[in-house]
Amino acid sequence: GSERRGNAGCALPVGVDIQTACLGLYCGRTVLSVNGSVETYGDCGVCPRGQRTDDNKICRECMGSPDRYDWLYLGFMAMLPLVLHWFFIEWYSGKKSSSALLQHVTALFECSIAAIVTLLVSDPVGSLHIRSCKVKKLSDWYTMLYNPSPDYITTVHCTHEAVYPLYTIVFIYYAFCLVLMMLLRPLLVKKIACGLGKSDRFKSIYAALYFFPILTVLQAVGGGLLYYAFPYIILVLSLVTLAVYMSASEVESFKDLLVRKKRLVVLFSHWLLHAYGIISISKLDKLEQDLPLLALVPAPALFYLLTAKYTEPSRILSEGGNGH
């Protein structure tokens, strides 16, 4: 049936009652009505969207705002499709086409508009601010794994978005990215990518049709893990990809970097990602301690450039041969 509890007065025994009656980590009672200081609660079950249980197993509206780390996580998830777009545009355009820059700009435009529209349609609608629930632990992302079975036969389904809206907002963003890409990019590519053959023109778009489902599954399965691990993923990937790029481009000195502007753009892009990772780890809670860490951003590139000439394979082989 329903339970009544006054906000003032003897709240503790009733709170304990509700705690024992409501099984499972995420099952709660919805507030049916409020009459002065007395609230009427419904049966124990799933909380409506936009609510999560409090300590007394009552479903409460998510009225907080995402903290700095939450925004950094959303920024990372928003960057993933953009970086992949840029990679595949560069990969398939090669040296034949001068249209790559315009495609890069278009991809940035698509993802930016998709992000703005996603924020506007999220609650509160029409505002760039969003209301959210605080992430307390990893299990908050996987409430479907914590549905209780009181008699080991019947399962009480209490799956809801305890981290509202950090889980679903990413799917909405990816959907808008995909729709905008399908509306804008084919027309653009058809008009400007004349240097490429007919079969090569749309390969970057075809690649997106593959990686968007992969990103969606990644968020669905690993959203909580990514939430806690994304700063370290950014740092590792930015280091590895920078080393691979410099090696593939045969960059061995500062002079090699300055020969082509594109190499400098790639270098600065990696530095931005590296800085993003450092900021995400430190959260900039203590500015006097955390800001000096950003001075480490150029360190990996400088180390590579200073040591590249000593690790050149031909030099190592020739010195090895001389040794024999």
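Each residue, glycine too, has its Cβ placed from N, Cα and C.
A TrEMBL annotation is a machine prediction, not a hand-curated record.
Note that the structure is a prediction, hence the values are computed from the model and not measured.
Long-range contacts of the transmembrane segment (71-89) within the same chain: residues 100, 103-104, 107-108, 110-111, 115, 166, 169-170, 173-174, 177, 181, 203-204, 207-208, 211-212, 215, 219, 226-227, 230-231, 234, 276, 279-280, 283, each at least 6 residues beyond the stretch ends and with a Cβ under 8 Å from a Cβ of the stretch. Per TrEMBL, transmembrane segment is recorded for 71-89 (among others).
Within its own chain, the transmembrane segment (164-184) is flanked in space by residues 49-52, 62, 66, 70, 73-74, 77-78, 81, 85, 106-107, 109-111, 113-115, 117-118, 121-123, 130, 132-133, 135, 141, 205, 208, 212, 215-216, 219-220, 223, 227, which lie at least six positions past its ends and keep a Cβ under 8 Å from the stretch. Summarising the annotation, TrEMBL assigns transmembrane segment to 164-184 (among others).
Residues or ranges marked as transmembrane segment in TrEMBL: 205-226 (among others).
Same-chain residues lying 6+ beyond the ends of the transmembrane segment (232-251) with a Cβ under 8 Å from its Cβ atoms: 76, 226, 257, 263, 266-267, 270, 273-274, 276-278, 280-281, 300-301, 304-305, 308. As annotated by TrEMBL, transmembrane segment applies to 232-251 (among others).
Marked as transmembrane segment by TrEMBL: 263-279 (among others).
Sequence annotations record features per position, and here TrEMBL assigns transmembrane segment to 291-308 (among others). When Cβ-Cβ distances below 8 Å are used as the criterion, the transmembrane segment (291-308) is approached by residues 239, 242-243, 246, 251-254, 257, 267, 270-271, 274-275, 278-279, 282, 284 of the same chain, each at least six residues removed from its ends.
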